[in-house]
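A short worksheet on the structure shown next.
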Amino acid sequence: MRTLWNHFSTISYIKISPRMRRISAANLISNRNLSTISSTEDPELRDFVGFLESLKNYEKSGVPKGAGTDSDDGFDLGRMKRLMLRLRNPHYKYKVVHVAGTKGKGSTSAFLSNILRAGGYSVGCYSSPHILSIKERISCNGEPVSASTLNDLFYSVKPILEQSIQEENGSLSHFEILTGIAFSLFEKENVDIAVIEAGLGGARDATNVIESSNLAASVITTIGEEHMAALGGSLESIAEAKSGIIKHGRPVVLGGPFLPHIEGILRSKAASVSSSVILASNIGSSSSIKGIINKNGIGLCQSCDIVIQNEKDDQPIVELSDVNLRMLGHHQLQNAVTATCVSLCLRDQGCGRVTDEAIRIGLENTRLLGRSQFLTPKEAETLLLPGATVLLDGAHTKESARALKEMIKKDFPEKRLVFVVAMASDKDHVSFAKELLSGLKPEAVILTEADIGGGKIRSTESSVLKESWIKAADELGSRSMEASENKTVLGSLKLAYKILSDDTTSSDSGMVIVTGSLHIVSSVLASLQH
């Protein structure tokens, strides 16, 4: 194996193995200053975004060790409670569903929000990160908050925010201030219920100021190996941190499936605060994917039967046939089942308008940017990729890579594949690569870079990613792979397209898969706007 280095870009030539064809290390030098905030943000929000950017942003810099644990190293939840008190505790004015979990939070929250909306309820949803605009993080009734509404609220509470920052000696963070604004906006918009997604862990997350009195239910979707250092270094400590959102006397819906001892940790916490447990992966185990259909005006969907059974006698509580989910994969079916279980929990609490039909409509109308998202033919053509099939999926952990791999194997078993990958520096690059390479045989893997949280601090250099993928291939028995030059995310897409197009011996046009981070997805979607 020999590697040649150009002063401005990475050009690696590595011999090809029989099982793999190419890995391309793309050094994104000419696009390294791409920032989601600066390139795609609404110009009306300049003051608001500038205010937030003046604060400590852990999405950009990385989270300190142990910061998400319920320990002396954890974030100080007291300062968030004091901020909420200064804002007159807006989060006490409506019911809340609090959602935590390693993977599946965003999809589950979106499914649930749409189910409630289909039932006629006014719904607020707070999530992170955003893809194109910070407005996406705070939505009311299915739409991101408008710039004018956000500005009006910001200017009205700005003196309180400034006073709070001063009294907390500048320690309030970007996420804490934004969380306070979200809670305030939901009060202003008079929502019936808010679906609140935890940012990191649970116990010490800024969202964990919700009290039992207005908590409708807690939800823990999955437990996996992400943010390990910030959450204590083990699956057990991660489960402990996320179980911190379980509140006294309020039900908790567990997504899963979980390892038995991890489920035990969550159940133990629930028992200690007299919280009833609904295990979605158990009572929804009869749910299944029937096949993939191409629905006019919508695109690819997976047709599913969703069956939720009574835990005591296995009799169906909900039985929905041919539900067309717009996000693909068994993991998305599980997220839909989890959201359905939460909606049934709310129905039992008096939300009678959450009918079976509302559940169906809500599930079928849910789509999220960067989650099993296929570009339309027009979007592909806009990126100068005419006729290409392009899948955007923000998978960035071993577990989400496995889910992506299984979806591709099941739904597109004969497709020729090229991956375009960029990742954050705090992810397990080798494990991610091994998951994708262990069950798939891509024509090429093109490695590039994308800004993380609007900055470069947490972005992984493509040359580092290249070494991780080579190591993964070596551990799987593929000795070496060929690499070629590229500089930008868009250039990487064009190279992927060229690799697939140049093979005239195949009638299959292939598929380009953009993955490794929601931030590389953001780069692609931002390009469509320009």
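Cβ from N, Cα, C; glycine included.
The annotation transit peptide is assigned in Swiss-Prot to 1-33.
Neighbour density for G104 (ATP binding site): within 10 A of its CB lie 27 other CB atoms from the protein chains shown. As annotated by Swiss-Prot, ATP binding site applies to G104, K105, G106, S107, R371, D393, with the evidence given as similarity to another entry.
Positions annotated as Mg(2+) 1 binding site by Swiss-Prot: S128, E197. Packing around E197 (Mg(2+) 1 binding site) is summarised by its Cβ count: 23 other Cβ atoms lie within 10 angstroms of its Cβ, all protein chains included.
The feature Mg(2+) 2 binding site is assigned by Swiss-Prot to H227, with similarity to another entry given as support. Sequence-distant contacts of H227 (Mg(2+) 2 binding site), defined as residues of its own chain at least six apart whose C-beta falls under 8 angstroms from its C-beta, comprise V63, G68, L200, G201, I238, D426.
Look at the binding-site residues K105, R371 and count other Cβ atoms within 10 Å of each Cβ; K105 has the fewest. The residues near the ATP site, meaning same-chain residues not in G104, K105, G106, S107, R371, D393 whose C-beta sits within 8 angstroms of the mean position of the site's C-beta atoms, are K103, T108, A110, M327, Q332, N335, L368, G394, in sequence order. Neighbours of E197 (Mg(2+) 1 binding site) among the binding-site residues G106, R371, D393, defined as a Cα within 10 Å of its Cα, are G106. The Cβ of S128 (Mg(2+) 1 binding site) lies under 8 Å from the Cβ of E59, R137, F175, E197, G199, each on the same chain and at least six residues away in sequence. Counting every protein chain shown, the Cβ of G106 (ATP binding site) has 23 other Cβ atoms within 10 Å. Reduced to three states, the DSSP call for S128 (Mg(2+) 1 binding site) is coil.
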